[in-house]
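Right, one structure below, let's go through it.
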Amino acid sequence: MAASMELFCWSGGWGLPSVDLDSLAVVTYTRFTGAPLKVHKITNPWRSPSGTLPALRTSHGEVISVPHKIITHLRKEKYNADYDLSARQGADTLAFMSLLEEKLLPVLIHTFWIDTKNYVEVTRKWYAEAMPFPLNFFLPGRMQRQHMERLQLLCGERRPENEEELEKELYQEARECLTLLSQRLGSQKFFFGDAPASLDAFVFSYLALLLQVKLPSGKLQAHLRGLHNLCAYCTHILSLYFPWDGAEVPPPRQTPAGPETEEEPYRRRNQILSVLAGLAAMVGYALLSGIVSIQRATPARTPGTRALTMAEEDEEE
């Protein structure tokens, strides 16, 4: 019997089944299609088989870590939310997906990872509290730098000299994108009628993050909350497909003492590696910043101990 598929994704918070845009899109798609997955909601990306989240381990042991590729694999396994779409609807899906990535994704990154108040009070706070020690000391900052690089790639050459101008332009385009989505949805339950498709999974992941999180600086939130059909759309998907999800990070489950489970050795290995990596990072930072310095002392040697001292130096090198 073939092994079941396993999905590794960021844990839930802010009233959502996952706090991460890509993880939320993939989890939503799997709920739409009813794909039989064992879902691991975690707060340590190093526990993922790819070292990133989301990641899918297929029934054949292959690991896929790009959201679009994960969904493509699920389609090949006959879990296809777009099966009944016409050619025209398929073309519309591609067009709206490009629109989301070009107009809405840059502002979503800016809102959660670049805006100082939102990052400090919401984004970094959640990840620092959810991640295990010592990853919570350096991974949120690394993730922020990765999102900054991604935003630069998305903006490309469209970068005015004034950062305020760029921000104003990005938010204006995002508001227009939200308005267009609202007009396209109209009074329908989903974008292509009464059944959800892959486009709904991605649109929901963008909108739900903007709607659910209490942001101290919510420039786009007010506009989205004024589009009542989009708000009702998100509420409908949450209540229908995630009635028991969205809680904050659950406390660790108490397991009875007994033989190790199949995953226990790997869990212990990952915990040890996490601690060692964190300690190495902190020691490296201390050395590079000059907080700690190492000076080699040369003690006086007696003839009788010369051979022993040379052996010790060889081991150190």
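The backbone N, Cα and C atoms fix where each Cβ goes, and this holds for glycine too.
Annotated features, as they stand in TrEMBL:
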DOMAIN    174-237  domain 'Metaxin glutathione S-transferase'
TRANSMEM  272-294  transmembrane segment
Please work out the helix, strand and coil residue numbers for the domain 'Metaxin glutathione S-transferase' (174-237) from the DSSP assignment.
42 helix, 2 strand, 20 coil
Across the domain 'Metaxin glutathione S-transferase' (174-237), average pLDDT on the 0 to 100 scale:
95
